[in-house]
Amino acid sequence: MSKNLLTFEDVSVNFTQEEWQWLSDTQRDLYRKVTLENYKSLVSLGIPVYKPAVISLLEQGKDPWMVQKKGARDTCPDWQYVFKGTEFISKQDIYKESAKVLTMGRSHFSSSLDCPDLKEDHENEDWFKNRLGRQEVHSHQLFITHKEVPESEIRGCNPSCQAVHQNAILDVPQCSSTKERIDQSEPQKRSYRKKSVEMKHKKVQVEKRILKCSECEKVFNQTSSLTLHQRIHTGEKPYACVECGKAFSQSANLAQHKRIHTGEKPYECKECRKAFSQNAHLAQHQRVHTGEKPYQCKECKKAFSQIAHLTQHQRIHTGERPFECIECGKAFSNGSFLAQHQRIHTGEKPYVCHVCGKAFSHRGYLIVHQRIHTGERPYECKECRKSFSQYAHLSQHQRVHTGEKPYECKVCRKAFSQVAYLDQHQRVHTGEKPYECAECRKAFSNSSSLAQHQRSHTGEKPYICKECRKTFSQNAGLAQHQRIHTGEKPYECNICGKAFSYSGSLTLHQRIHTGERPYECKDCRKSFRQRAHLAHHEKVHTMESFLSLSSPSPSMSSQLPRTLGLIS
């Protein structure tokens with residue numbers, strides 16, 4: 001029989017009134033429980049099931065025994081039995097099973113043990129619970145009474161089995177005696193206590209058989225779980241994002257993904273009020289506060305708060321790089337690095353700032369960028385209490401206090417605290433300017449200079465002073481401006497102790513002590529401490545050239561030396 005044609009009758013057992021009277025209260029409770037569970041299981045599997053009368057009786061707390069119809073065969077109604085076969089069985093097997101059932105009602109119960117086919121049944125657990133526990137998908141349904149086994153067919157059995165069948169048939173009239181019926185029930189009552197384990201085991205087998213993946217044999221408790229699992233094998237992804245078209249196999253995954261576009265973060269940390277789009281991310285974050293690191297590397301004993309971080313770390317020891325770019329063949333130790341790298345080829349920038357609309361290829365870049373708008377600086381220096389928006393910037397800053405300059409130029413031996421500064425410096429020697437403005441084709445030696453330059457075309461000024469709302473195109477410009485409000489003068493002259501708010505002002509001041517005049521006029525070889533003074537001086541020569549062409553008066557010529565004397 002097909003699994004789809006499973007019916008309530010296939011997993012049910014009916015009792016007559018007299019049969020029901022034989023059962024103890026415990027056995028009746030077990031019958032009620034199993035029968036109701038079977039019915040609920042069929043309904044939960046989506047199988048169309050009418051509500052049988054026995055279910056209605058059980059739900060109302062009434063006895064579920066069935067009335068024996070008049071005019072039935074002259075057999076003991078107590079032995080009316082529904083036999084459920086689990087396979088396509090032969091007639092001989094049918095008679096063997098029938099013999100087991102029929103013999104159990106006899107007063108000479110022990111004589112049936114001579115048949116080897118019946119010994120197993122008596123050695124097993126409770127016959128009653130076996131009846132309730134037959135819940136496999138059945139292929140035969142046989143209604144058997146004492147007199148339904150033709151004598152001619154019994155001849156196919158072995159002699160001991162034939163005796164059992166003969167005795168079972170001949171002794172049927174004895175069941176009409178109340179005393180004999182009570183005597184006969186004693187072996188059954190003793191046998192009833194044995195098969196609850198088998199019944200429950202068979203029930204689980206049915207559910208597993210119905211909810212098993214045909215590809216990998218994995219078993220599930222619910223059809224919905226099986227359906228979701230099978231999409232792993234089929235690759236089906238029926239849930240698509242209307243924003244970006246990305247598809248998912250589960251609706252829950254789509255719901256999580258949508259929060260990237262909406263910015264929704266419903267899960268908030270009670271410690272720091274930081275919010276997350278997924279509950280799992282919140283659970284991981286909370287380990288920052290608790291310090292819990294349950295995942296430890298067996299090689300170096302380093303511990304991690306997330307198992308994914310441990311997995312990635314272990315690839316340092318193994319050298320494994322399983323994620324390879326199909327475009328350029330570059331390999332990575334984890335999938336997120338590969339995904340980020342592939343955006344170089346695709347140009348994809350899925351992370352958009354909701355304030356200014358700027359897009360980024362990495363989520364981390366967006367988070368750092370958003371701190372420009374919020375002013376958040378979560379990383380603080382313990383030495384000077386200065387705070388930073390990025391941890392990398394804090395690490396770089398701390399070298400100011402330690403004096404560490406680990407990056408040295410091989411050409412001039414100049415050392416730097418940051419590798420980026422070394423890279424920029426080396427372009428002084430090479431003359432390389434790899435960053436070119438698409439608007440005016442002007443080239444720069446570093447990307448930050450290009451980014452700052454491009455704002456001259458766009459007019460963008462993303463850095464806002466919270467005090468006076470003045471805007472700036474560069475963060476450095478904002479930082480300098482804020483010292484007007486704070487009165488901070490961090491740059492102090494080592495010679496005279498005078499302090500300045502800008503490093504450039506200190507540099508100019510120190511030239512007074514050193515006598516340095518780095519800006520020289522090409523016309524008269526006169527030198528100046530500041531570029532602005534040189535530019536002003538050069539206008540004098542421009543004026544002289546103009547006057548010589550127009551024959552200036554002696555009075556105007558006499559004023560030129562006085563003007564030159566002012567700019568020294």
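Here the Cβ of each residue, glycine as well, is placed from N, Cα and C on the backbone.
Marked as domain 'KRAB' by Swiss-Prot: 6-77.
For the zinc finger (211-233), the model's average pLDDT works out to 85. Sequence annotations record features per position, and here Swiss-Prot assigns zinc finger to 211-233 (among others).
Cβ atoms under 8 Å from those of the zinc finger (239-261) belong to residues 228, 231-232, 277-278, 350-351 of the same chain, restricted to positions at least 6 beyond its ends. According to Swiss-Prot, the feature zinc finger maps to 239-261 (among others), an assignment based on sequence analysis.
For the zinc finger (267-289), the residues of the chain that approach it from at least six positions outside its boundaries are 256, 259-260, 305-306, judged by C-beta separation under 8 angstroms. Swiss-Prot lists 267-289 (among others) with the feature zinc finger.
Residue counts for the zinc finger (295-317) under DSSP, helix first, then strand, then coil, are 11 helix, 4 strand, 8 coil. Residues or ranges marked as zinc finger in Swiss-Prot (evidence: sequence analysis): 295-317 (among others).
According to Swiss-Prot, the feature zinc finger maps to 323-345 (among others).
Same-chain neighbours of the zinc finger (351-373): 260, 263, 340, 343-344, 389-390, 462-463, 475, counting only residues six or more beyond its ends whose CB sits under 8 Å from a CB of the stretch. Marked as zinc finger by Swiss-Prot: 351-373 (among others).
Under the heading zinc finger, Swiss-Prot lists 379-401 (among others), citing sequence analysis as support.
Remote same-chain partners of the zinc finger (407-429), defined as residues 6 or more beyond its termini with a Cβ less than 8 Å from a stretch Cβ, comprise 396, 399-400, 445-446. Annotated zinc finger per Swiss-Prot: 407-429 (among others), in sequence order, evidence recorded as sequence analysis.
Under the heading zinc finger, Swiss-Prot lists 435-457 (among others), citing sequence analysis as support.
Per Swiss-Prot, zinc finger is recorded for 463-485 (among others). For the zinc finger (463-485), the residues of the chain that approach it from at least six positions outside its boundaries are 372, 375, 452, 455-456, 501-502, judged by C-beta separation under 8 angstroms.
The zinc finger feature in Swiss-Prot is assigned to 491-513 (among others). Helix first, then strand, then coil: DSSP counts for the zinc finger (491-513) stand at 11 helix, 4 strand, 8 coil.
What Swiss-Prot records for 519-541 (among others) is zinc finger. According to DSSP, the secondary structure content of the zinc finger (519-541) in residues is 11 helix, 4 strand, 8 coil.
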Study note, to complete from the structure: Given the zinc finger (295-317), its same-chain partners at Cβ distance under 8 Å and 6+ residues beyond its ends are 284, 287-288, 333-334
**Study point:** Helix, strand and coil counts within the zinc finger (323-345) (DSSP)
**Key:** 11 helix, 4 strand, 8 coil
Check your understanding: By DSSP, what is the split of the zinc finger (435-457) into helix, strand and coil residues?
Key -> 11 helix, 4 strand, 8 coil
Practice item. May I have the DSSP-based helix, strand and coil counts for the residues of the zinc finger (239-261)? Key: 11 helix, 4 strand, 8 coil
Study note, to complete from the structure: Tertiary contacts of the zinc finger (491-513), defined by C-beta under 8 angstroms and 6+ residue spacing from its ends, are 480, 483-484, 529-530
